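A.B. asks: Please read through the structure below; I'll follow up with questions.
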Number of protein chains: 4
Amino acid sequence: MTEIGIIAVGGYNEMGKNMTGVRVDNDIIVLDMGLQLDRVQIHEDVEIDKMHSMDLIKMGAIPDDTVMNEVSGTVKAIVCTHGHLDHIGAIPKLAHRYKAPIIATPYTAELIKHEISDERKFDVGNQVMSLKIGGRYNITPDIQIEFIRMQHSIVDSAFAAIHTPEGVVLYASDFKLDRTPTIGEPPDFQRLKKLGKEGVKAMITESTNSGHSGKTPSERIARDLVRDVLLGTEETESGVIITTFSSHVARINAIIQAAEEMDRIPVLLGRSMERYLSIARDMKYIDFPKNLEIHGSRNAVDKALRRISQDGKKKYLPIVTGHQGEPDSILTRIANGETHFKIDSGDKVIFSANAIPNPMTLANRYALETKLKMAGARIYDNVHVSGHASREDHWELLRMISPEQVVPSHGNMEMHSSYVEMAEDAGYVFGDTVHIMRNGEEMIL
Amino acid sequence: MTEIGIIAVGGYNEMGKNMTGVRVDNDIIVLDMGLQLDRVQIHEDVEIDKMHSMDLIKMGAIPDDTVMNEVSGTVKAIVCTHGHLDHIGAIPKLAHRYKAPIIATPYTAELIKHEISDERKFDVGNQVMSLKIGGRYNITPDIQIEFIRMQHSIVDSAFAAIHTPEGVVLYASDFKLDRTPTIGEPPDFQRLKKLGKEGVKAMITESTNSGHSGKTPSERIARDLVRDVLLGTEETESGVIITTFSSHVARINAIIQAAEEMDRIPVLLGRSMERYLSIARDMKYIDFPKNLEIHGSRNAVDKALRRISQDGKKKYLPIVTGHQGEPDSILTRIANGETHFKIDSGDKVIFSANAIPNPMTLANRYALETKLKMAGARIYDNVHVSGHASREDHWELLRMISPEQVVPSHGNMEMHSSYVEMAEDAGYVFGDTVHIMRNGEEMIL
Amino acid sequence: MTEIGIIAVGGYNEMGKNMTGVRVDNDIIVLDMGLQLDRVQIHEDVEIDKMHSMDLIKMGAIPDDTVMNEVSGTVKAIVCTHGHLDHIGAIPKLAHRYKAPIIATPYTAELIKHEISDERKFDVGNQVMSLKIGGRYNITPDIQIEFIRMQHSIVDSAFAAIHTPEGVVLYASDFKLDRTPTIGEPPDFQRLKKLGKEGVKAMITESTNSGHSGKTPSERIARDLVRDVLLGTEETESGVIITTFSSHVARINAIIQAAEEMDRIPVLLGRSMERYLSIARDMKYIDFPKNLEIHGSRNAVDKALRRISQDGKKKYLPIVTGHQGEPDSILTRIANGETHFKIDSGDKVIFSANAIPNPMTLANRYALETKLKMAGARIYDNVHVSGHASREDHWELLRMISPEQVVPSHGNMEMHSSYVEMAEDAGYVFGDTVHIMRNGEEMIL
Amino acid sequence: MTEIGIIAVGGYNEMGKNMTGVRVDNDIIVLDMGLQLDRVQIHEDVEIDKMHSMDLIKMGAIPDDTVMNEVSGTVKAIVCTHGHLDHIGAIPKLAHRYKAPIIATPYTAELIKHEISDERKFDVGNQVMSLKIGGRYNITPDIQIEFIRMQHSIVDSAFAAIHTPEGVVLYASDFKLDRTPTIGEPPDFQRLKKLGKEGVKAMITESTNSGHSGKTPSERIARDLVRDVLLGTEETESGVIITTFSSHVARINAIIQAAEEMDRIPVLLGRSMERYLSIARDMKYIDFPKNLEIHGSRNAVDKALRRISQDGKKKYLPIVTGHQGEPDSILTRIANGETHFKIDSGDKVIFSANAIPNPMTLANRYALETKLKMAGARIYDNVHVSGHASREDHWELLRMISPEQVVPSHGNMEMHSSYVEMAEDAGYVFGDTVHIMRNGEEMIL
């Protein structure tokens, strides 16, 4: 009989550096290799791209994959189901230690390639393979991977079903059950229900927001909130500037469309804006209107801001980096008065993002907002909905899949506890069918 | 020259028992006479309808209008701009002390009549006059009242412009600047801008949510949140029960429409549901679908719940009282197991309301939710958006009206402080053009 | 070889109804049988003393000991290490189901006898045995129980060491590591260290405040805080009233001593005050000054309050029930104006207690404080330190005992998670040497 | 008749840059010139000592004293009643603009001289005069200043009574009513009561903690908390390090005394530690035990830490800077591993300070604590009591002084609102006898 083990490498003691192993006898599938930015921020003058893995592991910034040495087996594939840095950001530091291809959804694969090409310490030679949603791939004669369509705050997100001789292990992180997404199709409930009926051996799933009551609203609500703020005003001549997650293609699409309705030219500013959006456009996830501008380099950004300033702020809608108050972002540089775009009294600054509840980030946001307010800006905060499932979404998924075993990941023990209590409501038994794992531990199913 | 005074009677030291006087020489217009439910809740076994005004004043439950004795002038009219109890609930206790008609928007007027007819202690003989939105009425040859269309969480809400020989005093409470309301028209921005251009002597406006950053989302967002929760589920066979403010006609309309899409029969249950909705239907604010049921008396409610239970919960969507955990509400009685409607594991209970942040209410909600959860219910909380303007809505209104003087009301000193700080950003000077008043005080303009 | 099992009956999913079993082959020692008051409060008109166990179990108010039916073994003793209701309050409802004596420290034993004599539904015939701190008792030829001196917010608190053929199981709940207690001796660190050196098989310990950073201050700090408030004022003629936990003999002793320094007569008022303090005095835990008065019955209390009122409030220090705003307490009755003791402006009301963070209690406190403030009282809140160990106290105890296995109890999963994280810092491994248990589960060591 | 004006220069819209003027006809007494560190922290790479006043005013870091140009009168004296930077930190930037002596209590005067000598932009030639507590000084023939003994979290704190022909204006900030201080005498209640009886025209007083219920505990409680943590442990061989406010001489004295009891050598480390404590010792506010070490320069600190490390951490108690996580402090450098003092598992780090609730500071503290914990440190947080009066202390002071007019300062409008509500309880009337002022405003009494 085949033995299946789940190896908690990272993201089980904290929300951040996600990495999970699924061992099928001696073959191991690695899911995600993520970065925990928080642990980098607490140090001054850190240049990640030049650092060695062991130093980053010691800092707690990337998963401590030395645990893999103690597991008997060989890594056959590294699988990534979406492109956020807490899932792919450690690939440049860890992937070269495994002779295995990286398999990811197409947009994710493209982002991974860019991450690898930015790396300045290690030579990462792993093959990066693109597997479309709905597609399947045989990793070994016995193990097949299948990507199932899901929704999250980045395009091309999937669940990974690992088909083994003993049944399916479902990797279900990160996700939201959005039935009215603004880009892409709703989650593939038919496939999930079918899997559930056929029987799932184990499910590994994020516990992140399982403590939040109710259901996470659809991205469509976020789109309408953005429109409500941008269009719902009598002060139509004011300067307006908006910031959001560069990787949130659907949100930026909503902003671009609102800009058109406002009769303003959408201007995407910042290196990460340029990267995420250019790739998304090239891969046809998004269409750009003809008048859209996009500027990545500092020089191009500064020139664009000077031109906007001269031409009249009311003709443009700058969409910029800086939603978490990052010190080098465009918005912080504007707030510092380091660009030609001056904030005038009554100008609107819209954060289409939540403030990540981490003291380092809150300090950056505070510094940014204080400077903006002193310059006269009006702040619109949290024009946003989350990309993570809430408690009742988890309830639905769990009942739909009915896995024999369920393991919450992507969170700390408090978040996992919330998941466990929800699972107990659904009839699961702690320590028997629902489990809390800690980084560095393997559980045999 | 005409002297204008603003008399803070109630609602200036707290959020609750609103009452304001505007004195034009010797003629006084009273705006609102509200009830502070919180001060009633802290006492056991209180029957308001049988109590004397002076006892209720001593309890802090209704405005202390004895201050009116110290003001030289005669009340010529009592004006109510919307029908919430914190604005009309003290009329049965206080109005008979003034020989003056009550002037209100039509829906508000109807609710006032019902309040008066429920009164068991006092004989309230004041004439109740209905004035349509957009309409004007001459209270004295010198004083004219005008209702300007506004949006709030109850239909038929207005601002009251009091035209005096010295200019306009604008009573702007309660409101939200909703440009995409689901019932009625958006606020009459044209009229407000015109007033602003002609010059407004003073504005009295709620400070309630002036400390909340950004803009209050449209009721359309709330409607979509309700739909997202009700329709966005694979578990379509579950029992579902929803509760919201009985007076929130637009919200209930959204729920009814969602029930139709779910192919369930909407069933309105509870005395206050029956009152608010029947009046709204009779006055054509809302249309009922043919299959809608409405039951007010305890007997009728219990019969309906028994029938639903027998017929199959999945065919119905009960819309019930109890969003704040009120001990006598339908939802509390269901949670207590006092009706035939039994909660089964997985049944959904949806609160399309915020929990009012008052310890008495939070305790009621806690007791209610604990019982529901113990019975197996899944809770969807705060499927809701507020009916009160946020900081940037206040910013817009203030700049649109540009009153010579502005006085925040409908809040405590902390809430007023937030308003003052916002007004200072807009160029107002504390103690000179923006003021904090306390209950019992008159300010001469 | 002897098999040892730990049976989590109650208090593992919540803070409240504590009950644990330790099974040594077929002999079971039960530790604690507690009541969860919160689950009673959410229901109206509940009379616990007349209720049946099964109804109370269904309400979640007492431990669900039906799990004991599934365990193979016989209960040989019920052991209680201190006298709080969340540890002894379910004895009248559950103890009669076991043919076993109740063994408790002397003060605890006395309180248990009173609980049993109050019971009106069941006939509880179990023998109640008193075992002094430091003492040992052979429950079976193989199993010996030992009480080790500890400190907590009630006198005569102990740890229970269960000596078995396989080694010691230490029951360490509730406690604080107070080296300067105001009544009794500090914890018996010598004995604990010796146990630790000899080797402890397992420790079961409260996780309640393991999430609170640092060390819980000594009760001596609380005594000085009480004195600071009572004596540190220039307004020495005001009425003063103080409330605290009736069972907190050390705290009440501090208050009595401060009353002497203030030259006021200490007057203990309320049934539970009379019970806890009279027993404590009779058992010599506390000395009463000659002028102290104590009144328990409502009649006696009312007479005393009338006399105090007539004689001059400044001569007395009433020490009353009502610290959590309990509706029937003396302090609530005073606030309601139901006694002759009237609150005057500037009178001080001192809460030498924290407000238990439960919505029901917070509502009661809010109602109470609102009424007191409306009458003119000045409120001194939280003149208190906790009786529960904080994180660093747990760290010290864990390192001192070095048990092979440790199980947090007396809390919910979130509290246990905090304990686990602390234990991991000390080298314990989750799922291997530190465990989270759920009500109804047995773990074999 | 003499006209008296109160000029709110800084510290009325925020907690920080305090500066008040009291105008007696054409003579002005300035009270305090403080720095708001928060507004400096949000900018990177700011060197205050080289900056111009106008830039600092624009940043909001020092009071905008340009308002003084609009007041008719001449500044005759600058008076400082204690030595915290939010009261004296702007003297190097602003004092030279006035031809007036600086009058301060002796310890404060010494600190001011050091601040002035550190200044690198301006030449500050004002005379610094030392006036003992209890002493009086004639500023003009008509105006006399008197220092009245008070307690606060720095030695030599006073109230300033300004005697004018129209009566006394009392400047009462910052303070606590500590009857059992550990250094110095309790507040001079006799003098304050006498002043109150004779009649006080106006009182200006901090509102900072007027929203905190109850009474601020005595510094004696803090001393005992420090002793409880340092001495109350079985792990007496661990490394221990403690940090607190360098200016808090009484607290540091308590720590030094505890070190003696622990049989450890107290070692004061850091430039500000050296400055504040050396001055305090030279001025006889504190005695040093013979074995105490004190090292200020980075070089000396590093050498001391190396020696401690070699000699054995258990022999020393380092008392270091860094309680707010300041990036250049000793504690941060230790946490970064930049010194020879290595944190071992189980070492204790004690914060005898609250974390100032400002996002910049919270981020610094978070970064510091995270690094310390990763190295194995055990954290004892908030072993501290405040130096600011709470609500009931304010109540007592207000009733003792009974000023005709009272103006809260040293806070934002929310803090002032709390003060006003307390004053209303004591019979004051908002806008009539108790006032909220805004920076830049003069109020004529």
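Cβ coordinates are placed from backbone N, Cα and C, and glycine is handled just like the others.
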A.B. asks: Return the residue out of D:His394, D:His410, D:His416 that TrEMBL annotates for the same Zn(2+) 2 site as D:Asp86, D:His87, D:Asp174.
C.D. replies: D:His410
A.B. asks: Since TrEMBL lists D:His82, D:His84, D:Asp174 for Zn(2+) 1, which candidate among D:His96, D:His152, D:His163 does it give for that site as well?
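C.D. replies: Of D:His96, D:His152, D:His163, D:His152 joins D:His82, D:His84, D:Asp174 in the Zn(2+) 1 site that TrEMBL records.
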A.B. asks: Based on Cα distances to D:His82 (Zn(2+) 1 binding site), point out the closest of the binding-site residues D:His384, D:Val385, D:Ser386, D:His388.
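C.D. replies: Closest by Cα distance to D:His82 (Zn(2+) 1 binding site) among the binding-site residues D:His384, D:Val385, D:Ser386, D:His388: D:His388.
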A.B. asks: How big is the gap, in Å, between the Cα of D:Gly387 (substrate binding site) and that of D:His152 (Zn(2+) 1 binding site), rounded to a whole number?
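C.D. replies: So the Cα of D:His152 (Zn(2+) 1 binding site) lies 5 Å away from that of D:Gly387 (substrate binding site).
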A.B. asks: Looking at the binding-site residues D:His84, D:Val385, D:Ser386, which has the shortest Cα distance to D:His410 (Zn(2+) 2 binding site)?
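C.D. replies: Checked the binding-site residues D:His84, D:Val385, D:Ser386; minimum Cα distance to D:His410 (Zn(2+) 2 binding site) goes to D:His84.
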A.B. asks: Sorted by position, what residues of the same chain at least six away from D:Asp174 (Zn(2+) 1 binding site) have a C-beta under 8 A from it?
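C.D. replies: Sequence-distant Cβ neighbours: D:His82, D:His84, D:His87, D:His152, D:Ser153, D:Ser157, D:Glu206, D:Thr208, D:Gly387, D:His388, D:His410.
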A.B. asks: Measuring Cα to Cα, tell me the gap between D:Val385 (substrate binding site) and D:Asp86 (Zn(2+) 2 binding site) in whole angstrom.
C.D. replies: 19
A.B. asks: Within the same chain, and leaving aside D:His82, D:His84, D:His152, D:Asp174, name every residue whose CB is within 8 angstroms of the centroid of the CB atoms belonging to the recorded Zn(2+) 1 site, in sequence order.
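C.D. replies: Same chain, not in D:His82, D:His84, D:His152, D:Asp174, Cβ within 8 Å: D:Thr81, D:Gly83, D:His87, D:Ser153, D:Ile154, D:Ser157, D:Ser173, D:Phe175, D:Gly387.
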A.B. asks: Within 10 Å of its Cβ, which one of these binding-site residues (D:Val385, D:Ser386, D:His388, D:His410) has the largest number of other Cβ atoms?
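C.D. replies: Per the Cβ count within 10 Å, the most buried is D:His410.
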A.B. asks: For the recorded Zn(2+) 2 site formed by D:Asp86, D:His87, D:Asp174, D:His410, which further same-chain residues have Cβ atoms within 8 Å of the site's Cβ center?
C.D. replies: D:Gly11, D:Met15, D:Asn18, D:Asp32, D:Gly34, D:His82, D:His84, D:Ser173, D:Glu206, D:Thr208
A.B. asks: Hey, what's the Cβ neighbour count for D:His82 (Zn(2+) 1 binding site) at 10 Å?
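C.D. replies: Looking across every protein chain shown, the total is 25.
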A.B. asks: To the nearest whole angstrom, state the Cα distance for the pair D:Asp86 (Zn(2+) 2 binding site) and D:His384 (substrate binding site).
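C.D. replies: D:Asp86 (Zn(2+) 2 binding site) to D:His384 (substrate binding site), Cα-Cα distance: 20 Å.
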A.B. asks: Long-range same-chain neighbours of D:His384 (substrate binding site), Cβ under 8 Å, sequence gap at least 6?
C.D. replies: D:Ala222, D:Leu225, D:Thr244, D:Phe351, D:Ser352, D:Ala353, D:Asn354
A.B. asks: Given the binding-site residues D:His84, D:His87, D:His152, and counting only Cβ atoms in the protein chains shown, which has the most within 10 Å of its Cβ?
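C.D. replies: For the binding-site residues D:His84, D:His87, D:His152, the Cβ with the most other Cβ atoms within 10 Å is D:His87.
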A.B. asks: Around the substrate site formed by D:His384, D:Val385, D:Ser386, D:Gly387, D:His388, which additional residues qualify by having Cβ within 8 Å of the site's Cβ center?
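C.D. replies: Neighbours found: D:Ser153, D:Lys176, D:Thr216, D:Ala222, D:Asn354.
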A.B. asks: Neighbour count first, Cβ atoms within 10 Å, every protein chain included; then name which of D:Asp86, D:Gly387 tops the list of binding-site residues.
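C.D. replies: By the 10 Å Cβ neighbour count, D:Gly387 comes out on top.
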A.B. asks: Taking the domain 'Metallo-beta-lactamase' (D:16-233) alone, what is its mean pLDDT?
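C.D. replies: A mean pLDDT of 96 is what the model gives the domain 'Metallo-beta-lactamase' (D:16-233).
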